[in-house]
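The structure under discussion appears below in the form of structure tokens.
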């Protein structure tokens with residue numbers, strides 16, 4: 001099978017060229033033959049060959065030569081019983097017999113890629129060196145690049161001697177066929193080759209830029225982006241193979257970098273092409289295939305950091321995987337054609353052209369029979385088909401947009417008709433809404449006045465007490481309620497409750513709280529018992545509403561210089577006793593939680609000059625524009641600082657401080673603050 005492929009590939013090289021009859025390293029030809037042929041004559045055939053040493057020009061005629069068919073690697077050929085390895089050094093010799101009338105006539109020689117370095121002697125004179133060949137592996141300096149050499153027929157028996165070595169590449173020796181021709185034919189071949197590669201480079205670059213533009217203007221078209229990346233990699237590859245345009249433009253560019261970039265463009269192009277293929281046919285492809293290809297490609301890209309002699313020898317498995325990838329793409333596209341997927345037939349046509357050329361390139365590379373790289377030409381056909389695919393998609397999208405535009409025009413006409421009627425309807429409904437809002441506003445003002453009547457008059461003092469109150473609902477009405485009353489001579493009962501929620505709902509709860517509290521505030525013997533009764537009444541009447549509230553009741557026995565309090569889940573209140581701040585902590589759960597435990601009473605001294613501050617959580621749970629809380633510690637510190645301030649001024653001062661803290665933010669909760677002083 002391999003022999004058949006070899007014959008097929010050799011035929012591809014030579015189908016349009018008449019091979020020169022080289023026998024045992026000798027070619028008889030005349031410059032007239034070169035002129036009549038007009039094209040370069042391939043010098044494929046049996047060259048004299050000697051492995052393992054460099055034959056000097058002085059000893060070339062007496063050396064014991066073997067025979068090797070050019071172009072091919074010496075790898076796996078036999079020298080006696082020895083099978084030659086891929087690495088090593090060797091000499092190649094070709095004698096060309098010219099007639100005497102050809103003396104001093106100009107000819108040209110095309111030396112193709114030779115792995116990995118060589119020196120070319122012409123009639124015993126060094127005329128060209130590609131890198132530095134060496135029998136010592138560490139002394140070799142590789143460089144692989146074809147060259148066009150102008151020569152002159154100096155004698156009838158002209159000798160071409162090549163000293164070459166390969167210590168790094170997978171294949172050593174000639175990669176293509178050397179060619180001989182007239183000087184004019186040589187220059188013409190050079191011009192055509194460079195023009196062809198420049199055209200491919202520029203064409204592929206423009207195609208990549210064009211598809212990049214398509215993606216930038218239509219980000220949803222991922223296929224254009226993947227195809228642009230793929231085309232850029234092929235553009236890079238065109239500049240790195242063949243005549244290696246990059247070395248023509250940048251002669252000092254490191255050859256090892258050129259070689260690594262060549263392999264990188266191959267490894268990376270495979271997963272990108274599979275991603276492009278999946279973006280076109282997501283229904284018939286598997287997402288894990290591009291992912292697996294990326295894993296393999298990244299692993300192989302990492303090998304490019306190692307010496308060239310390593311990564312050139314392991315490329316075979318990746319080439320096999322690439323072949324399977326092409327079969328996978330072919331199968332899925334054929335499946336798409338069978339299912340009549342949009343654009344699948346166009347894709348298949350271009351893919352056949354591209355796949356066949358890539359397959360031939362891989363075959364030549366595998367057999368070390370490298371000819372013209374055909375994949376760029378196949379890519380041109382493929383890009384044309386892909387451009388047609390994208391053009392059809394854009395045309396379909398444009399056609400859909402036209403249909404949508406027409407539908408939108410009809411809809412707008414209908415909406416304009418509705419708009420005229422809607423404006424009249426909106427004016428009528430707006431007027432009705434404004435009337436309703438005005439009624440609600442008036443009702444809220446009435447509710448506000450009613451709620452204010454629920455609170456005791458803010459007198460400045462009783463006989464034994466001075467107090468001041470600041471109540472600021474968040475809305476017109478709020479959910480805080482307080483009561484201060486002398487239930488018997490010298491005994492004062494202060495009640496503060498904070499219902500959950502805000503606005504009208506919370507205000508209605510406070511009315512219920514007041515109604516129930518008024519019925520028990522005179523009969524309850526102490527604050528704890530009063531809270532027990534209030535909790536019992538509230539749960540029996542309002543448990544179905546799920547209403548809860550915190551509260552605190554304080555009984556001040558002025559003539560006994562003491563106070564008794566009970567707190568139902570209320571925040572810690574503040575008692576200033578002998579200039580020391582003390583906390584009035586909660587003694588039971590929030591009212592409404594079906595708590596079976598009674599509320600405990602706590603007794604504390606309350607002497608002349610002592611102060612007490614009762615407040616709802618709205619005093620300290622306020623946040624400014626920076627989402628920073630006013631906080632209990634700030635409230636405690638401010639009350640401590642105001643210890644010398646008259647008691648009636650303290651609520652106003654604290655509210656001003658809170659306003660400055662809030663800056664432009666509105667209060668987020670109802671605010672109640674009661675300041676009491678024993679006199």
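Cβ atoms are placed via backbone N, Cα and C, with glycine included.
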Of the residue ranges 144-162, 163-181, 258-276, the one that TrEMBL records as transmembrane segment: 258-276
From 345-364, 365-384, 385-404, 405-424, the residue range that TrEMBL assigns the feature transmembrane segment: 345-364
Transmembrane segment per TrEMBL - which of 224-246, 431-453, 454-476, 477-499: 224-246
Selection from 224-246, 258-276, 288-312, the stretch that has most Cβ pairs under 8 A to the transmembrane segment (318-338): 258-276
Interface-richest range of 199-217, 258-276, 288-312 toward the transmembrane segment (224-246), CB pairs under 8 Å: 199-217
Surrounding residues of the transmembrane segment (258-276) on its own chain - C-beta under 8 Å, 6+ positions past either end: 144, 223, 226-227, 229-230, 233-234, 236-237, 240-241, 244, 246-247, 289-290, 293-294, 296-297, 300-301, 304, 308, 311-312, 315, 318, 321-322, 325, 329
Confidence summary (mean pLDDT) of the domain 'PPM-type phosphatase' (462-678): 86
